[in-house]
Amino acid sequence: MAEVAEVAAESGGGGDSGVGACERGVAPIKAQYRTTKERFHEYLDADKQEGACQETPTEGPAEPEAKRIRLEDGQENGKTEVAVESHERQVPKRARGQNKSRPHMKPAHYDKERLCPSLLQESATPCAFGDRCRFLHDVGRYLETKPADLGPHCVLFNTFGRCPYSMTCRFAGAHLGPEGQNLVQEEVVARCAQLPSVRNGLDRALQQQLRKRQVCFERAEQALSHLTQGPMPTIAPESTVATLTPKHSSCHVQLDNVGGDGARQGSPVPTCGPLTDEDVVRLRPCEKKRLDISGKLYLAPLTTCGNLPFRRICKRFGADVTCGEMAMCTNLLQGQMSEWALLKRHPCEDIFGVQLEGAFPDTMTKCAELLNRTIDVDFVDINVGCPIDLVYKKGGGCALMNRSAKFQQIVRGMNEVLDVPLTVKMRTGVQERVSLAHRLLPELRNWGVALVTLHGRSREQRYTRLADWPYIEQCAKVASPMPLFGNGDILSFEDANCAMQTGVAGIMVARGALLKPWLFTEIKEQRHWDISSSERLDILRDFTHYGLEHWGSDTQGVERTRRFLLEWLSFLCRYVPVGLLERLPQRINERPPYYLGRDYLETLMASQQAADWIRISEMLLGPVPPGFVFLPKHKANAYK
C-alpha cells in the first residue's frame, strides 16, 4: 500500500485531491488515474475553443477528516460534531444539502412570444379570445423571432408520425412542408394508434369539477364516518360487507322513487350490460388484487428525478416495480395539472403504483377514492418517510410515525375505499437514536397494509451514516407474515445479495439507480458492468428522447427535459467506472476524488461542476437559451 501511495504522489495524486489508497470515505481509484483539482480542470478546459474563459470555479474547503469517518462509524460520539462546529467558525460556511433558495427559471420564461394554440391545432374555428388573446397570431412574425432548429430530426415525428407542436417545434424543419404545413406520416400514425398509450392523465371535465368542488366522495364520507364513531375492527376475511345507512344506499333511494302501486304499473328500468353491486358492497380483503412482488427489484419513488422518462430507462435495464413521484393529496384534489402529471404511467410499466403524501384522514381518504375510480394503478403507497420541513411541519411524511392515531385513520380510511393494495414507505424513526418502525409494523399489519418498505435511516440522520440493515432484519421478523422491503445503500449486486440475506421480501433501489441505472442489470446478471462513456452517453440520449416525447419538443418541452437531465447528472457524476477502481465494488458513501478517465468524455462525466453538466446537455439538446440559470437541487454548485 505504501508503494501505491508513493506512485500516486509522483503522478500528481496528492495536492488538492489528498487521496490515499486506503483513505476512508474516498473511493479507491487506481494511482495512474488520480489527479489534482487543478490538473482535472485544465484537462477539461483544454478541449474548449481557443479564447474561451478557463477560470477554475472556486470551491470551499474540503470536508474535515472527522466528518468523513462518521459515514462508517455509526456509533461515533459527539466529539466530531464539536470539531465540525469549531471548524465552521474559522472558515466561511460552505453551502451544502438542499438548495432551498435556488433561482427557479420556468421553461415558459425562455419562450417569450408564444404562438396561439388555435393555430397549432389547425382548428377551423377562430380563437375564442379574439383581440384579447395574449398569444401571438402572426405566424410570419413568430418565425422571424424563433431560434434556429436544434437538429434535423424530430423525435415525435419519427415515433408517432405527427408532431403536435407544428412550427413551434425546435426540430420543425423535419416535418414542415414547403408552404409551412405540418406533414403527417399516415402509416406511422395508424400503427401507433393500435399501440397502448400513456395512461392516468387528468380529464379537463374532471379538473373543472375538482376546482368547483363538485366531485362526490360518497365512499370516503362513509369510511370517515366509521372512523369518527370509534376504532374499526381489524380487517379480516370474515368482514364481508360495508355497512351503509339508508340515506346513502342507492338501492333505498331507487325504491323510494318508484315505491307503491305506481312501481308495478311502470315500465321496467332498461339495463345495458351486467349489473354490479360495487357501489353497495365493497371488496373483501381476499377479493382485492394481491401485490405479489417478493424477490423483485423495486425502483423507489424519487422526487424530481423519478420522472416517467427516467423510469423508462430503469425498466429497460431490468427494474420490475416502479412507482410515481410523491404527489400531495391536497394538490390532486384541487386539480393541479402539474401534480396529476406525476401519476402518469407508461405502457412498459407493468407493475406500477403511485405515492401519496398527506397529513389528515379526510383528504387522504378522498384522494384515494378519487384515484381508485380515475386512474389505473396496481397499488397505492403512503409516504411516511419524507424528511423535508415543508411536509414534516404540516404533520405529513415522517411526522405520521409520531401521530399513530391519525396514521391509523389514514390507513383504515384509504384501505376501505381502495380496490388495490395499500402499501407504506417509512423510515426507522424521526430521531436518530429512537427507532419506531418495529413498534408500528405489527399495527400496520393489523390495519390492513399489504406491504411496507423500510428505509434504514431516521429523519435526523438523513445520509450522514450508513443504512441500518441489522435493524431492517429485525423489523422483517417483526412484520412477518406481511412482506417488508429493505432500502438503503445498494450500489452493486454484492450489496443486493447481502440485503436479501437479512430476510426481507425484496429490495428497493433509490440513489443507486440514479448513480447507475444499469444496476438492475448487474443485480440480475450478478456481474460488474464496466460500461463505456459512449454507452453512458447513449443512455442520456435515450433519456432526452423520452423526455421530448413526455414533455414536448417545443421550447418549453426542450428546456424542461434539459432541467431534469441536469438534475440527474448531479447524481451520475458520482459514479466511478469499474475499470478505474482498485477495489470492487464502489461504496455509495465513498466520495469520488479527482481523476482522469480513459477518454475525454469519461472525464467530463466525472466533473462535479454544473458548467460541465451544461456542456453535456448541449451535446444532446443544443445550446442553452440566453439568460439560462441552473442550480442543482441536491448539490452546492451553481451555473449562471
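Backbone N, Cα and C atoms are what each Cβ position is placed from, and that goes for glycine too.
Per Swiss-Prot, the FMN site holds P301, L302, T303, Q355, K425, N487, G488, D489, A510, R511; the candidate it also names there, chosen from H346, H438, H455, H528, is H455.
Checked against Swiss-Prot, the range among 1-22, 133-154, 573-594, 617-638 recorded as region 'Disordered' is 1-22. Here Swiss-Prot gives zinc finger for one range in the set 110-140, 203-233, 234-264: that range is 110-140. Residues near K425 (FMN binding site) in space but far in sequence (CB under 8 A, at least 6 apart, same chain), listed by position: A300, P301, Q355, D381, I382, N383, V384, G385, V452, T453, H455, N487. According to DSSP, R511 (FMN binding site) is assigned to a helical segment. Most Cβ neighbours within 10 Å among the binding-site residues T303, N487: this distinction goes to N487. Remote same-chain residues near the zinc finger (148-178) are listed as 114-115, 119-120, 122, 139, 142, 184-192, 545, 548-549, 552-555, 557-558, 621-622 (criterion: CB distance under 8 Å, separation of at least six residues from the stretch ends). For R511 (FMN binding site), the same-chain residues that are 6 or more apart in sequence and have a Cβ closer than 8 Å to its Cβ are L491, F571, I588.
Here the C-alpha separation of K406 (SUMO2 cross-link) and D489 (FMN binding site) works out to 31 Å.
The average pLDDT computed for the zinc finger (110-140) is 76.
Note: D489 (FMN binding site) has non-local neighbours G456, L466, A467, W469, D495, G512, R587, I588, N589, i.e. same-chain residues 6+ apart with C-beta under 8 A of its own C-beta.
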